[in-house]
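Have a look at this one before I ask anything.
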Amino acid sequence: MATKFPKFSQGLAQDPTTRRIWFGIATSHDFESHDGMTENNLYQKIFASHFGQLAIIFLWTSGNLFHVAWQGNFEQWIKDPLHIRPIAHAISDPHFGQPAIEAFTRSQFPGPVNIAYSGVYQWWYTIGLRTNVDLYNGSMFLLFIATLALFAGWLHLEPKYSPKVSWFKDAESRLNHHLSALFGLSSLAWSGHLIHVAIPESRGIHVRWDNFLSQLPHPSGLEPFFKGNWSLYSENPDSLTHVFGTASGAGTAVLTFLGGFHPETKSLWLTDIAHHHLAIAVLFIVAGHMYRTNFAIGHRIDDILNAHKAPSGKLGLGHFGLYETINNSLHFQLGLALASLGVITSLVAQHMYSLSPYAFLIQDRTTMAALYTHHQYIAGFIMTGAFAHGAIFFIRDFDEEKNKGNVLSRILDHKEAIISHLSWVTLFLGFHTLGLYVHNDVMQAFGTPEKQILIEPVFAQWIQSAHGKNIYELNILLSSDSSNAFSASQAIWLPGWLNGINDKSTSLFLQIGPGDFLVHHAIALGLHTTTLILVKGALDARGSRLMPDKKDFGYSFPCDGPGRGGTCDISAWDAFYLAVFWMLNTIGWTTFYWHWKHITLWQGNVGQFNESSTYLMGWLRDYLWLNSSQLINGYNPFGMNSLAVWGWMFLFGHLVWATGFMFLISWRGYWQELIETLVWAHERTPITNVFKWTDKPVALSIVQARLVGLAHFSVGYVFTYAAFLIASTSAKFG
């Protein structure tokens, strides 16, 4: 007899109903719950899966390089990055009629193509790639690395080469390795690449393997390094008239602290970036020697944590016992990693446009919008995941005895104060922000716009002025040429910063007003509400007033009947589920704000944002409706254009999103009737009745239906906005 899915759970495999399929999928990655799972096995499976993920990442990036080299226009694009659209890949679609072939044939390519809005062209150009052969070489190298990663994953599952649990739990060695080897040496290698390849290429000097050892990146070579005359490497930087990619106006400096942007490319100075990575490398290589391993130097993390007690004694035992708790909980470690990664991803979104590192990226408007939105959504999903695994930690891994009196138990002890304060903040933000918006809408509707409540963000303007923004004329610190801070900035550090912050063509410290003040608080409401739901879900995961024994029910349970007052919404999973909706709301408001402000800036029409962003109808009419008009005319009875695919995706995204509500607003009886009706029809229809339905149809559980609904809501939401964003921006700016 064939083994039924899932192999990892004999109990589920023998289930005669469709529950077998859904629960099998739901628990396929929950290794801890699988039959015969040992701690040793668990760690090895996760370790091997890391190599699998690395292989997928390298294969994906290899594919990007390969398709651009094969079907792109990289060599043509670098001759005129501001006017030639970069091609991602060709389109070979048998459904295309002549109008579609003509609409999608662009960028001097003989057939239909997709335009690249990922920024890879700018990235590859900045780091010194110049020909299709360079791209092919990179692609083949990454393919080799992907193969190596797959082999490593397989190898480490073999008994002879599989590490023991003690190896995985050697936190000091792992941290030293990650800090020094992964962060430190990779940063050093990257600064080396920038100094030896990218900076010379930006000055018209072609460096490859054939002349790598003979072409000095600096005229003095390593002599200043060994003599301690390091400042020599910062002398004679590229001039303000430097033409990127040529020797015209080029200097010889390789490590600088200029600040601001290259006047032509509007990106950070490559020599500043190289300096940054070298400094990071030194810091991390030193940091990788902090913890005690085989040698009798450095600290034990356990000792550090146990010593962390407040002298006043008012904070209990502080971090006592945390080492064992964290080191023995994969969920705690994953939660910390996801929280860090979420913050970093959001910072990438912010810095990619405000301090753009890649040449000519900021002039590619659609790519800027796509990269910001992409990274903010990813940050949102990662952050919610951090809290989900925090909740699982409290249910599965938290030991009350081992953590008595320390910071973890104290947080649990006063969770009601934390939750109620967060609740108060969200209520305050919600009522006041919505109140201001609605008041302004009423004033607009009643024909008295002068009665709107418009609040200038004076504190934020003061902070911008302190950093050198001149437009507000507040004359404070860097915005006052008579201050000591101003003098220091000109003589000691970042002389280009003030030009950068006051440059109208970049997005560093944009001018803000009442519309920004309101949307800032709307976003703050979203952030605090999402946090409230996630924090409450994690802190109540073990038990709440209504359900003190909640931890015995696990991470996701459907209902425990009306006896406790109805418990359908209080599992930790439900908190995660609700938080994702709020997260999507928040990222929506954030990206709406970023996009609308920038398209008005880029069009020289900033007054539209300033006037219309102070009331809700302004957002609906002048941002959403106005910018979707071209999109929904991508195809109509008279024909189609190159926005047609985005118009179709806009529709498709709405449909997926709306399908989510069918799963979210329904009772279990509805699903039982629906599934039985579907099976009945399936078994009585020619052709489909050839396939026998062996499992008894059982309705989705409440938790399952919510998951399916949430997935459709999220995917549809992202698809809809992606289509809107790319189409509305590319229609205006290419």
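Every residue, even glycine, has its Cβ placed from backbone N, Cα and C.
Relevant sequence annotations retrieved from Swiss-Prot are reproduced here:
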type	residues	note
BINDING	C559, C568	[4Fe-4S] cluster binding site
BINDING	H654	chlorophyll a B1 binding site
BINDING	M662, Y670	chlorophyll a B3 binding site
BINDING	W671	phylloquinone binding site
TRANSMEM	46-69	transmembrane segment
TRANSMEM	135-158	transmembrane segment
TRANSMEM	175-199	transmembrane segment
TRANSMEM	273-291	transmembrane segment
TRANSMEM	330-353	transmembrane segment
TRANSMEM	369-395	transmembrane segment
TRANSMEM	417-439	transmembrane segment
TRANSMEM	517-535	transmembrane segment
TRANSMEM	575-596	transmembrane segment
TRANSMEM	643-665	transmembrane segment
TRANSMEM	707-727	transmembrane segment
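I'd like to know what surrounds each of these features in this structure.
Non-local neighbourhood of C568 ([4Fe-4S] cluster binding site): P558, C559, D574, I702, each in the same chain, at least six residues away, with C-beta under 8 Å from its C-beta. The DSSP secondary structure for C568 ([4Fe-4S] cluster binding site) is coil.
A 10 Å cutoff on Cβ-Cβ distances gives H654 (chlorophyll a B1 binding site) a total of 15 other Cβ atoms nearby, all chains included.
Counting only same-chain residues at least 6 apart in sequence, those with a Cβ under 8 Å from the Cβ of Y670 (chlorophyll a B3 binding site) are A699.
The Cβ of W671 (phylloquinone binding site) has A699, L700, A705 as same-chain neighbours under 8 Å, each 6 or more residues away in sequence.
Counting residues 6+ beyond its ends, the transmembrane segment (46-69) has Cβ neighbours under 8 Å at 31, 86-89, 116, 118, 120-121, 132-133, 135-136, 138-140, 142-143, 145-147, 149-150, 152-154, 156-157, 163, 168, 330 in the same chain.
Within the chain, the transmembrane segment (135-158) has long-range Cβ neighbours (under 8 A, six or more residues past its boundaries) at 44-45, 47-52, 54-56, 58-59, 61-63, 65-66, 68-69, 72, 74, 124, 129.
With a cut-off of 8 Å between Cβ atoms, the residues of this chain six or more beyond the transmembrane segment (175-199) that come close are 126-128, 207, 212, 217-218, 254-255, 270-271, 273-275, 277-278, 280-285, 287-291, 293, 301.
When Cβ-Cβ distances below 8 Å are used as the criterion, the transmembrane segment (273-291) is approached by residues 171-173, 175-181, 183-185, 187-188, 190-191, 194-195, 198-199, 234, 254-257, 297-301, 357 of the same chain, each at least six residues removed from its ends.
Beyond its flanks by at least six residues, the transmembrane segment (643-665) meets 100, 103, 628, 630-635, 700, 705-706, 708-724, 726-727, 730-731 of its own chain at Cβ-Cβ distances under 8 Å.
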Residue list, the transmembrane segment (369-395) vs rest of chain: Cβ under 8 Å, 6 or more residues beyond ends.
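Hits for the transmembrane segment (369-395): 117-119, 329, 331-332, 334-336, 338-339, 341-343, 345-346, 348-349, 352-353, 412, 530, 534-535, 537-539, 541-542, 551, 554-555, 572-573, 575-576, 579-580, 583-584, 586-587, 590-591, 594-595, 598, 718, 721-722, 725-726, 729.
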Can you grab the distance from M662 (chlorophyll a B3 binding site) over to H654 (chlorophyll a B1 binding site)? Cα atoms, rounded to a whole Å.
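Just about 13 Å between their Cα atoms.
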Go through the chain and flag residues at least 6 beyond the ends of the transmembrane segment (330-353) whose CB is under 8 A from any CB in it; none is fine as an answer.
42-43, 46, 119, 361-362, 368, 371-376, 378-380, 382-383, 385-387, 389-390, 392-393, 396-397, 507, 598
What three-state class does DSSP give H654 (chlorophyll a B1 binding site)?
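For H654 (chlorophyll a B1 binding site) - judged by DSSP and reduced to three states - the answer is helix.
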What kind of secondary structure is C559 ([4Fe-4S] cluster binding site) part of, going by DSSP in three states?
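The three-state answer is coil.
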Around C559 ([4Fe-4S] cluster binding site), how many other CB atoms lie within 10 A of its CB?
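Other Cβ atoms within 10 Å of C559 ([4Fe-4S] cluster binding site): 16.
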